[in-house]
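J.: Pulled the feature table from Swiss-Prot, pasting it below:
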type	residues	note
BINDING	TYR199, ARG312, SER314	2-oxoglutarate binding site
BINDING	HIS241, ASP243, HIS302	Fe cation binding site
DOMAIN	189-321	domain 'Fe2OG dioxygenase'
Amino acid sequence: MVVPSATTPARQETVVAAAPPAAAASGVVGGGGGVTIATVDMSAERGAVARQVATACAAHGFFRCVGHGVPAAAPVAARLDAATAAFFAMAPAEKQRAGPASPLGYGCRSIGFNGDVGELEYLLLHANPAAVAHRARTIDAMDPSRFSAIVNEYIEAMKKLACEILDLLGEGLGLKDPRYFSKLTTNADSDCLLRINHYPPSCNIHKLDHDDQCNIKSLVSTKASNGGNLMAGGRIGFGEHSDPQILSLLRANDVEGLQVFVPDHEGKEMWVQVPSDPSAIFVNVGDVLQALTNGRLISIRHRVIATACRPRLSTIYFASPPLHARISALPETITASSPRRYRSFTWAEYKTTMYSLRLSHSRLELFKIDDDDSDNASEGKA
């Protein structure tokens, strides 16, 4: 994906206004100032791109990726958007054939198994051809093979881009094996996922008709003054969380809603509204990548606020390791001044922990090593 060039361009940045930080369940308090979100042009000189990717992932764990070769107008993206939009436009009973999400399949409002809800409906698919083909029979009964082909084509494009970004990250960090991260995600048993989220219009603060129906056409309006969970004039589309995997690649239409929790110029963390850009792909560092780099990279907390008068459609590819993969900080990230921060664990163990907790829980904190933990020194040798 990276095309060498003769010159090294200046790093691009997008300055966005800060959204009000969450103060309490009943609402928000105002914030101010501007926050800079890095933009990385993948078509630039490779060495410069590698440094920019590493810097952005260490600073915020998030960046806007352009020049990646998969714009919204590209056939691979346009076909997926059309296919998934057609699915979400179906009658509730038809969509329910692909659900309920457990966790894969079609879901409405419920996120996970512990009571988290959001103003959305979604498809969650395992990113391998056999799994997609199996699920496609319930998503597109008329032509499942066509749906499978569209989804798998998109997955391959995202897998290629994720590997390129991870390899650049390995180079930027100066790892002995720059491809270490990408090899985890391309293993035959890798647990990669594709998620498509559909957020209905919320200009009057709507709520989805739940009861396992998710009837988008019969949205019930509620007054803003009655909404205890309203934030910044909207409702929680997808609650605050970090992604547990290695890396996430998000592409969305031109409807805003994504917010990231990042420090401002004074170091104070606040929620920042990310400007929409259908031509860009937004890259998130996940919990596993934070653990692999011994906390050097940041797994960013983010959320979606449903405030728009038009539907928001977003597609996220999650690059993940195999279930049996042991996650342990790489030796080059452990030093006398930066001892091992997390105990080693398997991806299966981490997923089990994740499914036992609420969405907003800081899962990685449960795997931290105490300062006086005797395993700290011994594990540092691994």
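We number each residue from 1, going along the chain as drawn.
Backbone N, Cα and C atoms are what each Cβ position is placed from, and that goes for glycine too.
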J.: Do you know which of the binding-site residues TYR199, HIS241, ASP243, HIS302 has the most other C-beta atoms within 10 angstroms of its C-beta?
T.: TYR199
J.: A 10 Å Cβ contact count, applied to the binding-site residues ARG312, SER314: which residue has the minimum?
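T.: Comparing Cβ neighbour counts within 10 Å for the binding-site residues ARG312, SER314 gives SER314.
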J.: Could you round the CA separation between HIS241 (Fe cation binding site) and TYR199 (2-oxoglutarate binding site) to a whole angstrom and send it over?
T.: 17
J.: Closest of the binding-site residues to ASP243 (Fe cation binding site), Cα to Cα, picking from TYR199, ARG312, SER314?
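T.: For ASP243 (Fe cation binding site), the spatially nearest of the binding-site residues is SER314.
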J.: Using the alpha carbons only, what distance in Å do you get between ARG312 (2-oxoglutarate binding site) and HIS302 (Fe cation binding site) once rounded?
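T.: Cα-Cα, rounded: 16 Å.
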J.: Compute the C-alpha separation of SER314 (2-oxoglutarate binding site) from HIS302 (Fe cation binding site), stating it in Å without decimals.
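T.: On Cα coordinates alone, these residues lie 14 Å apart.
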J.: What is the interatomic distance between the Cα atoms of HIS302 (Fe cation binding site) and TYR199 (2-oxoglutarate binding site), given in whole Å?
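T.: A Cα-Cα distance of 16 Å.
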